[in-house]
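Down below is the structure, laid out as structure tokens.
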Amino acid sequence: MKRKNNIILFVLIFTLCLNLNVSAADESSNTLPEIYGTSAITVDMQTNEIIYEKNPDTKIYPASTTKLLTAILLEKNKKETDMLAYTAEAKAQPQSSLNSAAHPIEVGDTISAKNVMDALLMFSANDMACVIAENISKSIPEFADKMNEEVQSLNLKNTHFVTPNGLHSPEHYSTSYDMSIIAREAFKNSWIRDTIYKSTSTVTTSKGASFAIMNTNKLLGKDGCIGGKTGYTDPAGRCLVAIYERDNRKILGIVMNSIYDANDTYVFNDMEKIINWSYSKTPYILHKKDSVIDKKDVKFKFLPFTNFEKTIKVPIKTEDNVSYYDNDLNKKELQQKITITTVNMKSLKGEIPIGILTVKQRDFSKSYKIYSGLSKKSFLKHMFSIYSIILIPVFILILIFLFMKNKSRRYKKHKKYSYH
């Protein structure tokens, strides 16, 4: 008896612990990570769904993450083997330049576009951004115009650029959401992807100067980080763009205006927190599979080649769970649209789709097949009422016809005997 009680007690304790673990996991998944960055966002790279957001549309200064757009324009205008001339404007750039931090470069010296891209994105060289600008355009302001044309082509509403390297200007601004669009566009390009994935490289000038450079992204190669771009100015704070891949799923993270601490760890810790949280987050089920999501008035023409229609209120259901990431931005912007496309006997009975449900949030859009949820009883009831409307007048006409025919026969018979 004592042994039996011990077993029961063990089972109860085990069940309680299991429930506590599940509850803790759920709470952990729903509790937003605390970060130093004042603006941040994570995006599923395949679906464009926003998973995590913190002030994504708040104006920020992007600092050197700007160089992702400069890299896009370099790829569009130059080949990797093209030689770019080092300019006086490039030499005048402050620290975080190859010229000042690594080795003096002479004006007029040339560097391959491939090496320039490495220095731009890995070392975050301010002078290389100016080299790109003045080898593509006649001046920095003219190149800034190209940058803003690219911004417009990406349909970004809250971004305006003045410099190719992100050095501070009140008129040089963006948002973490807009920067996520720029980053996604940059990562589509294999040249840029290959560059940000490298941890080290060597830059060589035409006059023989050679510099070994390292990637400034401290997370590169750690826990699935396959690339990114750092940034910092006093007004911008510490900034970081990073892309991760785990289990064949890519998530992009943006952290803006974090703290540049003594060991330069805060922004990287911020990124790890929001990325880990995003990978653990499961979408919220908006509509469960086979549940009625709405009722729609559907007009159905039951008799071909006639204008006879009946309006039926049809319950609408989906064949799959409909889900989305539950955050303030998605809640605010969630749109659902039901489109009825096919109305016939089969679709009304739920044998084939009757239409589609389109769910949208920002850059995300997904369509689901929808089906009629009419029960067999309801369907037969509608059929009976419809055919009753059709058949009763026909039956009455038949009765009238038979009555008139019978009356005609009686009249003829009466007339026949009236002559005798």
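Note: Cβ is positioned from N, Cα and C throughout, glycine not excepted.
As given in TrEMBL:
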| type | residues | note |
| --- | --- | --- |
| ACT_SITE | S64 | active site, acyl-ester intermediate |
| ACT_SITE | K67 | active site, proton acceptor |
| ACT_SITE | S124 | active site |
| DOMAIN | 30-258 | domain 'Peptidase S11 D-alanyl-D-alanine carboxypeptidase A N-terminal' |
| SIGNAL | 1-24 | signal peptide |
| TRANSMEM | 384-404 | transmembrane segment |
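Of the recorded residues, S64 (active site, acyl-ester intermediate) and the residue listed as 'active site' place their C-alpha atoms 7 Å from one another. Mean predicted confidence for the domain 'Peptidase S11 D-alanyl-D-alanine carboxypeptidase A N-terminal' (30-258): the pLDDT average there is 97.
Distance between Cα atoms for the residue listed as 'active site, proton acceptor' and the residue listed as 'active site': 8 Å, as a whole number.
Around the Cβ of K67 (active site, proton acceptor), a 10 Å sphere holds 28 further Cβ atoms from the protein chains shown. DSSP gives K67 (active site, proton acceptor) a helix state. Here the residue listed as 'active site' comes close to S64, K67, S96, T216, K229, T230, G231: these same-chain residues lie at least six apart in sequence, with C-beta atoms under 8 angstroms from its C-beta. Here the Cβ of the residue listed as 'active site, acyl-ester intermediate' has 26 other Cβ atoms within 10 Å, regardless of which shown protein chain they belong to.
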